[in-house]
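According to TrEMBL, the feature domain 'Isopropylmalate dehydrogenase-like' maps to 3-352. Per TrEMBL, NAD(+) binding site is recorded for 75-88, 281-293. The substrate binding site annotation in TrEMBL covers 95, 105, 134, 223. Here TrEMBL flags 141, 191 as site 'Important for catalysis'. Look at TrEMBL and you will find 223, 247, 251 tagged as Mg(2+) binding site.
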Ligand code: IPM
Ligand code: MG
């Protein structure tokens, strides 16, 4: 039996999570493993119902669960709230409360989606299979921030980016270990020509590379990496980077795969408890229309099975099922192409679930 905390959230969150649960239910039967879901509030819905973006009950139950399945939070309705009362504060809060410092964001281009990719085939060349490892509980997202009125008029605001040796070492270890299991190439992405935090990252990671002689370490500045991802994405295997750079680069990397709606994520800490969510947001403009792509969330569930439940073959079942459905030319509108059959969120989820035998 596995306890899964479910946070559907706002916008398209409920639709894509419902789709992912359909797939989990099939896995549950096939592998004779009961999944017990507890639905919890976080984000805008939590603000509306409790006044808080992250009620204490949500934190407590997540901590006692085996994994957290998350949709997305936020929307224009809550955009005017102060920073610490916004839906996003709930998301950052749960990441911090569960100490899931390592965010794995695989950007894989399914061969069937080559035409949906934002890049030309001659730039894509072979395969795109990049693992972005984003530090998730430190840096500028969590540093001291404030805003003051200036006597001379106007205001001044600041956000600080801070990292300790401990925080860098633990995520770097994930980076090296992950690269070791892949093609053994690790790219550290930073801004060491300007930022002191980046210089500390670089020093530590270079030093640690002595413990991983089998892994080839490269360093790239983040501006250059953003450019290289479009110019020659095939050069990347595992990317290791701090919180905000990882946020930006993973959205960029998703465009190689056809859609933001294709990228799953796993947020892991020291134990097996993890948060699994698509990298995209709540897309309020398309919410409730049954057109959102559920694949990122469904692939996140595959990551849950792999990393939290140690059910590798079930994870593979899901990934294979997605691939088979793409073979049969079914597409949600974001990855639609000529000669393809357009389906909605519910239908796409059903098709994937039905492929799991
Ligand atoms: C993501 C999202 C979040 C982030 C937002 C919604 C706070 O963009 O998971 O990438 O910036 O981490
Ligand atoms: Mg993001």
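The chain as shown is numbered from 1 upward.
Backbone N, Cα and C atoms are what each Cβ position is placed from, and that goes for glycine too.
Nobody curates TrEMBL annotations by hand; they come from automatic prediction.
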- Task: Please find which two of 95, 105, 134, 223 have the most distant C-alpha atoms, given that the record lists them as binding substrate, and give only that distance in angstrom, rounded to a whole number.
- Result: 27
- Message: Under 8 Å between C-beta atoms and at least six apart in sequence, can you list the same-chain neighbours of residue 79 (NAD(+) binding site), or say none if there are none?
- Response: 86
- Task: May I ask which of the recorded positions 141, 247, 251, 283 have a CB within less than 6 Å of any atom of ligand 1, listed in sequence order?
- Result: 247
- residue 191 (site 'Important for catalysis') versus residue 223 (substrate binding site) - Cα distance in angstrom: 8
- Task: Check the Cα-Cα distances from residue 251 (Mg(2+) binding site) to the binding-site residues 75, 83, 95, 134, 287 and tell me which is shortest.
- Result: 134
- Note on the structure: Smallest number of other CB atoms within 10 Å: among the binding-site residues 223, 247, 251, that is 223
- Query: In the structure shown, which of the binding-site residues 83, 87 has the fewest other Cβ atoms within 10 Å?
  - Reply: 83
- Around residue 287 (NAD(+) binding site), which residues of its chain at least 6 apart sit with Cβ under 8 Å of its Cβ? 10, 11, 12, 15, 75
- Enumerate in sequence order the recorded positions 83, 134, 141, 247, 291 whose Cβ-atom distance to ligand 2 is under 6 angstroms. 247
- Please report the DSSP secondary structure of residue 95 (substrate binding site), reduced to three states. helix
- Note on the structure: Note: in the chain of residue 95 (substrate binding site), residues six or more apart in sequence with C-beta under 8 angstroms of its C-beta are 136, 137, 267, 275
- Least buried by Cβ count (within 10 Å) of the recorded positions 105, 134, 191: 191
- Please work out which residue of 283, 291 has the most C-beta neighbours within 10 angstroms of its C-beta, and give that one of the binding-site residues. 283
